[in-house]
Amino acid sequence: MEGVDILLHERSKTQFDVDAMKIVWAGSRHAFEVSDRMARLVASDPAFQKDNRTRQGRKELFKNTLRKATYAWKRIVELRLTEEEAGRLRFFVDEPAFTDLHWGMFIPAIKGQGTEEQQQKWLPLAYKMQIIGCYAQTELGHGSNVQGLETTATFDPDKDEFIIHSPTLTSSKWWPGGLGKVATHAIVYARLITNGEEHGVHGFIVQLRSLDDHMPLPGITIGDIGMKFGNGAYNTMDNGVLTFDHFRIPRNQMLMRVLQVTREGKCVQSSVPRQLIYGTMVFVRQTIVADASSALSRAVCIATRYSAVRRQFGSQDGVETQVIDYKTQQNRLFPLLASAYAFRFVGEWLKWLYTDVTQRLQANDFSTLPEAHACTAGLKSVTTTATADAIEECRKLCGGHGYLCASGLPELFAVYVPACTYEGDNVVLLLQVARFLVKTASQLGSGKKPTGTTAYLGRVQDLMQCRCEVQTAEDWLKPSVMLEAFEARSARMCVDRAQNLNKFANPEDGFAELSADLVEVAVAHCQLIVVSKFIEKLQQDIPGNGVKQQLQSLCYIYALNLLHKHLGDFLSTGCITPKQASLANDQLRSLYSQIRPNAIALVDAFNYTDHYLGSVLGRYDGNVYPKLYEEAWKDPLNDSVVPDGYNEYIRPMLKQQLRNARL
């Protein structure tokens, strides 16, 4: 069976230009070429092999991650890779490591919050990996509530130093990746205290370990917080615990781009607006949305290929039916495929939004900031929740074999699911979005026009009265009809929640009481954003034979599946009728039939190597069963035919000699 492409027949059915779709997925030809080159570089290097990761103990696993991260850095230096190339290489190495936090959080924090002098001092060291940084914000007692952090930074004017201190057990820094065993430095967030007064939470550059022997500096207690969910997965990362005992740092190690502390201990606002820091938050959340599309597409690629390989029931002339041909499988799988593309395109738009927000902030234009903050918070929540659920659904779509570590799906789920809580708990973020939406709705009467993704609320009177014009199933393929249905749903839910809040004498009491309802309107708003950005993507010039047609089908599958899942919203707000809902389902089934012959090609367009997928079930050639059999024999339990423990436990039981068992 070696070398046989089981999926060749599937690929022969393709009705579009797969190479052109690969460019669309990557975002540009340049991005595709960089990704393709780095993926192949990693896949062809035995040093990056990872197929035994789930069988390793924690110490062995972690040491192997250190080796890979260091080897990756060696290759980056040797090949003189650009920052973009280096980022893609680390992505395809596909192993959570301390370098993720160094490049993804430590360096951006210094660039975003440090003065020119601080950047000149610290960034060259960080760029050369002469220091290794992490991001120490979350504490044992506080995560989402940053203002509740307990670590203190008290200025001592006599010594011109800050005293960093952990006054309580719950003030221990807890969770920062790279902190436990590797980081030499951290951006530590603490309550700033000068002359007995508190000035909120600020960031400080703190050296944690000696650059000579890597021992923690006096006054610092540091370690790893222990094993996490799953085999392999995030256990390659040294998430850490950190406490300070009156640890001193120079005054110039407070990040002072926005607020400065003078030699005398006075706090002085700089000319740089505080809002500029929010640009970093937009950047981080945009990255998380992009990561969601990557993780989801990976799971969907595995499930789609295996669904085409697997055959069960329906035997005619000895040939059973491919699982992918069952409508129940399509109904579960194809919306996830559509979601991967939808999240990809909304992620692209967020990159543009980040650039736009940054340029506006630099020009002291803060007008779009509240909307951008709400938008990125909501999309982070909606995409990560959907992706975590979808990876688990893909595991189920692969039947029993999906439960094997060899499928790649258990580890993918375990490594991805923390995205639902890091960088903002998903429910807390949705409540922030809801607060913004209700505020926007309450200001409509004042003449203040909503902007950006909330612009539709400016037409709230029309949306409250409009009636869906769908009369046939094909009417659901009109972009304007689809968009109006989602806008009307969100607008009507928003108005309804705002009216319910007005019934409370104290708005905060109302917000707390109605919080579950408010989360629903935030979800509706965010789903509207994803649908609208997919539709906007289709209005662009998209080259490649049949490419746009496939994307149109995926767009409508994504939207109509959401409509079906949240039918209660659409019906209860009067956006559509039960008959129109039935027509939507008819159209959805028709779209599944259109996607079916192209399903394998649509996941091939992700251009993932077998190394990156890390799945026997998702192999490009579909040669699943021989490889699954081969993989089973690699398990350490199969090192011996008779298991360790036979003489101590099994034999005494079989021979009715339990008194001889070593219990």
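Here the Cβ of each residue, glycine as well, is placed from N, Cα and C on the backbone.
Pulled from TrEMBL:
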- E423: active site, proton acceptor (ACT_SITE)
- T138, G177: FAD binding site (BINDING)
- 17-132: domain 'Acyl-coenzyme A oxidase N-terminal' (DOMAIN)
- 134-236: domain 'Acyl-CoA oxidase/dehydrogenase middle' (DOMAIN)
- 278-438: domain 'Acyl-CoA oxidase C-alpha1' (DOMAIN)
- 479-655: domain 'Acyl-CoA oxidase C-terminal' (DOMAIN)
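Annotated features taken from TrEMBL, shown on the structure.
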residue : record                       : Cβ neighbours (10 Å)
T138    : FAD binding site             : 20
G177    : FAD binding site             : 26
E423    : active site, proton acceptor : 20
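When the alpha carbons of G177 (FAD binding site) and E423 (active site, proton acceptor) are compared, the span between them is 12 angstrom. Shown for the domain 'Acyl-coenzyme A oxidase N-terminal' (17-132): DSSP residue counts in helix, strand and coil, namely 90 helix, 0 strand, 26 coil. E423 (active site, proton acceptor) sits 10 Å from T138 (FAD binding site), taking the Cα positions as reference. Within the domain 'Acyl-CoA oxidase/dehydrogenase middle' (134-236), the DSSP-based counts of helix, strand and coil residues read 10 helix, 44 strand, 49 coil.
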